[in-house]
Amino acid sequence: MEATQFKASDGETVKLQQHLTLLREEYKKLQIHTNSLETKLSLTSSTDKVVENSFLNKLQKTVSSLYDSNLYSDMKILVKDREIPVHKIVLASRSNDWGVNLSDVSSLDWTNMEKNVGQALVRWIYTDVVDFPQSDEFSLSLMKRASGLHLEELVSRCEKALVSSVNVRNCIRYYSTADEINANVLKEHCSALISTYWDDFTSEDFVHMGAPLLYHMFKSKTNFPLHSAIRLKREDVVFLYLVDNSNELTMILNSLDNKGDLPLDLALQAREMSIATTLLENGADPDCRDTHGYTLLHKAVNRGDDHAAKFLLENRASVSLVTPNNGDTALHLIATCSPETTLEETISAMAEIAQLLLDRGLNPNLQNKMGFTALHLAVMAQNEELFSLLLSRSSTQLIDMNLRTLDGHTPLWFALIRTTGSELYSCNSFAARLVEKGAIPNPIYPANGNSLLHLVAQEGLEDAGLFLCNHIHNIDHINRKGETALHLAADRDLGRLITKLLECGANPNIQTLPPEIAALSDEPELTVYRQSCMHRAISGGNLNAVKAFLEHRVTAEDSKDSIVANLNLRDSQGNTPLSLALSLGMQNIVADLIQGGADVNTRNGEGLTLLHQAIKKQDVESAIFLLNQGANIDAKTMSEETPLQLAILYNMPDVVEALCRRGIDMSAVDKYNNCPLWAALEFGREDIASILVKNGVDTDHWSDGPEGCYQTLLHRAIDENKEQTAKFLVQSGCDLNTPRRAGPGGRGGEEAHDQQSPLHLCCQWGLESVVQTLVEHGANINVKDAEGKTPLHIAILNQHHSIISLLLCHPFLDLTVPDKNGLTPFATALSCRNNKAAQAVRDKLPTAAEQFDSKGRNFLHMAIQKNDVESVLFLLSIQVDVNSRVRDTNQSSPLHLAAETGNELIVRSLLLAGARADDRDGHRRTALHVAAEAGHAAVVSALLQNGTDYDATDAEGDNALHVAVREGHLAVVRALLTESRLDAEAVNLKGRNPLHTLARYAKDNAFTICELFIECMPEYPLDKPDLEGNTALILAYTKGNGNLCRCLVKAGACVGAMNKDGITIFNYQVASNSKTLLKRLLDNLSQEPPWVEGDICLECGTKFGLTMRKHHCRHCGRLLCSKCSGQEVPILKFNLHKPVRVCAVCFELLHVGVS
């Protein structure tokens, strides 16, 4: 329905779009015409310069003013109810065709025109003006009259007026008019609109159009003119088409249009019998088929058109042709007419057609592709008239009442399924009349051996079965499975039918066939066989059927001819009706079956006693009843299950109680090695477990555990995370503290030797509720396992905070107990980063964090040394002593340790927590000394920013800068020089300043550090001697550090200085006895160096006096005697152009250069 609506909507949309396209084209034409007129007007205005007082303009105004005026009038035009004065010259200027010679007449008779049309014509002739009212009739009449008078301009104006008002309702009439007067513009527009809405027109729309014009339109508008003419009931157009196409009529008359319709079928549907006759006379085939393969007769019958059907039969249409899809004849189609869907008069009319078909020799026993005859279909449709017709002709045309469909059904089957209730027993029912006419009442179906009685019973057609019981004799017929109709009636719980069958002598003890026989059928192999009717009734839970059998057993006890149901027959699985009823939970019939003599201790095919079955069905009442009847409580199933185990499995506490009172063994294990108590708890049956405990069950039940060790039920419950089970066992008085133990022969893995108590196991697996229960019932809270760990250790290691809190609340908990690794609970918490637990322990024991190990370290010391920021921050958060010292010879504070590790975050955290920045260790070093020695510039900066004493000295008098340059840490040196006001000239106990220390230790980056010194301290005393008289240059030279020497010389250090041992860089004996470094240093002198003062000659050692005058080498600045400075040479690089005194070394250098 929705799809059809969508398609219709889409079609309307397309038509509207096409209509809009036509209007758009007309609009474009008008635009083009308007533009052309405007162009012509501009051109005329620019060339002729028409003005108001021109002759042409005056003449036009004069003619307009003569309209309906007697001035100069020389003739009259007669219109309805008046005369209009006109002028021959004006008329002659408009047209030459007035129907008369204007010079010979004095008036024109237009009284046959409509009044307003005549006046409009005259007005236009004079004024070139016409008003078109809203009525299109005026415009149409005016256009016709104008066309007759050859007033082409007026015709064109009327056309334009009409084009705008053309619509679907008037386009055909306008088209006819336009065709009469050759108004091509209007005609083309109407033609396009007709094409758009072609399928929406009916015969009434074309009734006034002439046959030739309509035929011409059909040829131009459709590919199937003949079909269109027939649809519009235009026999005259059909005649024109037949004449026009006389050479190929046979093919055309039997062709399908785009809708799949045949011309003859269209004529018959329109009841145009004369057209249909004409078509047949010209070669139309009455048996022609449509696109679906249906003949015209089939189509007429399908639509209930008896007139068309009679016409076709009267014109020799074939009666035996069939449809291609189902193979139905016309008689089959008539038979499917049902009173539920077809009008009564239509059924009667179709019955007459059926009579005609049979009269013309149609075989009534013809079957379609599904094997249905017309009789089958008439019965199915409850077509009384056709059914009666067929039965009435059964004697003359030998109608077969027992023909079968492909499914094997006779008409009687359909009669039985289509009729219900008391109607079926009436002598006028379809079924009764069929049987009366010779239909077999209980035919056999070869495929499966079922009889018709089997089939109606199987489908639950109880009334149909009762009907057949009155007409059949083979009531105990069995099918290929060995089933009688009574079996199937029991399956469907048809109590009335069962009673009727038993009354008719049916045997209720026939058993179904075994698989090797039943396998001959097409059905899958049966799993259960040898079933009696009572078995089938109980299997289906059909109480009505069971009741029928039992009632018949009572009523037929005294009858020798009746066969009663045997309640002790066994099926292939060994089930009697009683055991089967118990197994299926039909407790309401068990008492009746037992009353009939059933054995209370019988076993079914699965080896189950009735007690087992009652327990499995959770039938407490039946189970206790069986126990009271002496049922064997020790009987086991084929799976070795006792009644106690089954009662636990199926949650039957009352049965468990009854079994325990009768002394059943409560320690017997099942096939999974589970004792009854464990099984009850496993299933969550604490009420049953309580019954077992009350009756003295062993709550420990030592048994095999992991890898063969021995464990109790409590160990097992904890190991398997069964909290409820564990709590129940604890509350029931099981052993709380005993660990697992080795099995026989020392069996068992780690579990047999870990000495973990149940409390340890709970702390390991996080079973909080079990821990609480154990503690409440007196479990030892300080018990140790094989590694010396208490339950608290285990809980901390496994991060179970709720359990930790629970244990810490215990008044007898010992928090100082170490494990074998010496770790207390607090230490364990820190080692596994369980800060929450550590906090909880310290809250319980405030001194826990201040414990020292064998090396004198507490937890803060160890966390800092491990660079464990998280632990440090935690310890600081609990406010441990941030100034506590390591108890060894170094006496390091936490800040010293942090400075050594180099973790700036820890250093800053310690300072924020109150660590004293200037605390000294056992060597009087501050944290700044330690950071400088370790090379941690970031830590140095942090200490400086937090106000540490940057000038503090250690036991040797060294400050932090001494230490940094000694270790060669450039970044630390830079930090100290740039971020503090440290005294860089301070000397230690040996009189050495940092520059001496730098030269003495001669690191690889000493040159860079020296440059940094000079950059930061341009006035640094480079020549200051230490206690031994060594300057930095002498120390650097003696260490062979040429780069540092060059840096010092470049900075202006004195090259002639001598220490207290008389050593200078000139007389110091190097390993290779080479003076290359010295010469290079002297060669690098760029300015005259400072002079050295003293009492002796630095070259020969002569002491100065009154007779020995002092001289200096102008190149190296050494103090010399006159002998040692006797050479003279100009020193151009010092801008000394005159010869000056120099020593022998400098003289040679200046003359020869560095070799």
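Every residue gets a Cβ built from N, Cα and C, even glycine.
Here is what TrEMBL records for this protein:
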type   : residues  : note
DOMAIN : 73-134    : domain 'BTB'
REPEAT : 259-291   : repeat 'ANK'
REPEAT : 292-324   : repeat 'ANK'
REPEAT : 481-513   : repeat 'ANK'
REPEAT : 573-605   : repeat 'ANK'
REPEAT : 606-638   : repeat 'ANK'
REPEAT : 639-671   : repeat 'ANK'
REPEAT : 754-786   : repeat 'ANK'
REPEAT : 787-808   : repeat 'ANK'
REPEAT : 855-887   : repeat 'ANK'
REPEAT : 923-955   : repeat 'ANK'
REPEAT : 956-977   : repeat 'ANK'
REPEAT : 1028-1060 : repeat 'ANK'
DOMAIN : 1091-1151 : domain 'FYVE-type'
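Long-range contacts of the repeat 'ANK' (606-638) within the same chain, counting only residues at least 6 positions beyond its ends with a Cβ under 8 Å from a Cβ of the stretch, are 573-574, 578-579, 582-585, 587, 590, 600, 644, 646-647, 650-652, 654-655, 658-659, 662, 664-665. Same-chain neighbours of the repeat 'ANK' (754-786): 714-715, 718-719, 721, 723, 726-727, 730-731, 736-740, 792, 794-795, 798, 800, 802-803, 806-807, 810, 812-814, 817, 819, counting only residues six or more beyond its ends whose CB sits under 8 Å from a CB of the stretch.
Here the repeat 'ANK' (573-605) has long-range neighbours at 528, 532, 534-535, 538-539, 541, 543, 546, 550, 553, 567, 613-614, 616-617, 619, 621-622, 626, 629, 631-632, meaning same-chain residues at least 6 beyond its ends whose C-beta is under 8 angstroms from one of its own.
Nonlocal intrachain contacts for the repeat 'ANK' (259-291), taken as residues 6+ away from its ends with a CB within less than 8 angstroms of a stretch CB, comprise 226-227, 230-231, 233, 235, 238-239, 242, 249-250, 252-253, 297, 299-300, 303, 305, 307-308, 311-312, 315-318, 321. For the repeat 'ANK' (787-808), the list of distant contacts is 756-757, 759-760, 762-766, 768, 771-772, 775, 781, 814-815, 817-821, 823, 825, 828-829, 832, 834, 836-837, 840-841, 844: same-chain residues at least six beyond its ends, Cβ to Cβ under 8 Å. Long-range Cβ contacts of the repeat 'ANK' (639-671) within its own chain (Cβ-Cβ under 8 Å, at least 6 residues beyond either end) map to 611-612, 615-616, 618, 620, 623-624, 627, 633, 677, 679-680, 683, 685, 687-688, 691-692, 695-698, 701, 703. A Cβ distance under 8 Å defines the sequence-distant neighbours of the repeat 'ANK' (923-955), meaning residues of its chain 6+ beyond its ends; these are 890, 893, 895-896, 898-900, 902-904, 907-908, 911, 917, 961, 963-964, 967, 969, 971-972, 974-976, 979-983, 986, 988.
Tertiary proximity for the repeat 'ANK' (481-513) is limited to same-chain residues at least six positions away from its ends with a CB under 8 Å from its CB atoms, namely 448-449, 451, 453-454, 457-460, 462, 465-466, 469, 475, 521, 523, 526, 529-534, 536-537, 540, 542-545, 547-549, 551-552, 556, 561-566, 569, 571.
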